[in-house]
Amino acid sequence: MPSSRPRPLHPVSLVAALRARPRLVSSAFVGIALFVALLQADLPGSNAARALLAWNAGALLYLGLAWHSMAGASVQTIRERAPRQDEGRLVILLLLVLAAMAVLFAVGTQLAHVKDLASQARVLPTSLAGLTVLMSWLFTQVLFAQHYAHDFYAARMHGSPDPLLFPGTPDPGYADFFHFACVIGTAAQTADISFNGSGLRGVGTLHCVVAFFFNAILLALSINIAATVL
């Protein structure tokens, strides 16, 4: 009888995990390169603002590359990607979620100084903060959507029951997993799609916790932005 237990995590080097994710590596390289270039440039603004600009550039590139790889991808394509993405899947996910949360705290630090600026000078920092929140949220949901998709089909390849149940959709695509991720990312709970066994429940718990803190930070930032603008 197939087991619904999560597959064991084998030790894997960070290099091997990154090698399996060229889009992520390319985006990180662009973000780091832009940050270094901004540090060298004689431009106004704090280093925190430069870091946020670099993060947004890297996140936007990753989202574009992810969209290109996910849009129109067949179920067979997802099946073929699942084994490659299995390398260090949770390690990479945790690192990137921590990075996204750290960026949100950086946004809060940036906004703490906005109230000391003149009204016209507040527009750019406030806009940058809003853009960063949006990009970080989308970045996080795409990461979880890809993780759910690849683990779902990896479970099938190992002969395990489907870790997620999609009513009326026996072979879900990336759009279905992105929908599932967005539901948890906004409401910190599931809706029509449900977990089946413990295979992905741990990742779902992490996603709910991230969504809770993300929404709490978003509320605090919204209040902060309103206070600085008014």
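Glycine is no exception: its Cβ is also placed from the backbone N, Cα and C atoms.
A TrEMBL annotation is a machine prediction, not a hand-curated record.
According to TrEMBL, the protein has these features:
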- 20-39: transmembrane segment (TRANSMEM)
- 51-70: transmembrane segment (TRANSMEM)
- 90-111: transmembrane segment (TRANSMEM)
- 123-144: transmembrane segment (TRANSMEM)
- 204-227: transmembrane segment (TRANSMEM)
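The transmembrane segment (204-227) and the transmembrane segment (51-70) are not in contact, since fewer than 3 Cβ pairs between them lie under 8 Å (pairs 6 or more apart in sequence). Of the candidate ranges 20-39, 51-70, 123-144, 123-144 contributes the most Cβ pairs within a distance under 8 Å of the transmembrane segment (90-111).
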